[in-house]
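As given in TrEMBL:
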{"type": "TRANSMEM", "residues": "32-50", "note": "transmembrane segment"}
{"type": "TRANSMEM", "residues": "56-80", "note": "transmembrane segment"}
{"type": "TRANSMEM", "residues": "92-114", "note": "transmembrane segment"}
{"type": "TRANSMEM", "residues": "120-140", "note": "transmembrane segment"}
{"type": "TRANSMEM", "residues": "147-169", "note": "transmembrane segment"}
{"type": "TRANSMEM", "residues": "175-194", "note": "transmembrane segment"}
Amino acid sequence: MSRYSHSQRMNLGTVFNFRDLDKNVQVHLKNVYSTLSVGMIISCVGAYLFQINSFLQSITTSLVVLSFILSLGSSLFIYFTQHSRETLHSRLGAFFLFCFSTGIGFGPLLQALSVISPDTIPTALLGTALIFVSFTLTALFTRKRYYIYLGAGLMSAISLLTTFSFMNLFIRSPAIYNAELYIGLAIFCAFVIFDTQLIVEKRRNGDTDFVW
């Protein structure tokens, strides 16, 4: 069964399904978030490599373009390659290449941020790691999915946040900026919960792909 037919079978009613998590769903969630955690580490390695390598810093523009091409190419490879036991390692390799090239591509931005606000980078890294680790541990140690729900109106919230961000380009209000920052964080944390719910539903429908 293709990924398209899986997506067609999913609907908003699945967020209110509070049945116990099957063992195979727990394993699938563990695989998904473990893969994401490893990918995050590889991205950090790529970003750190840019910070300590003067040669990479000397070719920043070319490096950003190359990282974009590699990221796009690897993501397209993952998308168009059917998930199977034979293609698992190549798709994982493409995913890790995507993470590494993305990390290097963000290197210049992180370097500038480390000068402006050095505390921001470790805070963001720790917060992201806690999110992925929390969901991985949840998949391992609980059989309930009552905590995995969809926050209503996430897309509407994103649209509203985008509108306020555009308005603030002209208003330049620090209060609006701070509100965007924390509301945006809350929205994207909710999206993690939403995505986890969809991952569970896809696995119940027989989809074992934990890379895409």
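Cβ coordinates come from backbone N, Cα and C, glycine included.
The largest share of C-beta pairs under 8 angstroms with the transmembrane segment (92-114) comes from 32-50, of the ranges 32-50, 56-80, 175-194. Tertiary neighbourhood of the transmembrane segment (56-80): same-chain residues 49-50, 90-91, 94-95, 97-98, 101-102, 104-105, 107-108, 111, 211-212, selected by CB-CB distance under 8 Å and a gap of 6+ residues from either end.
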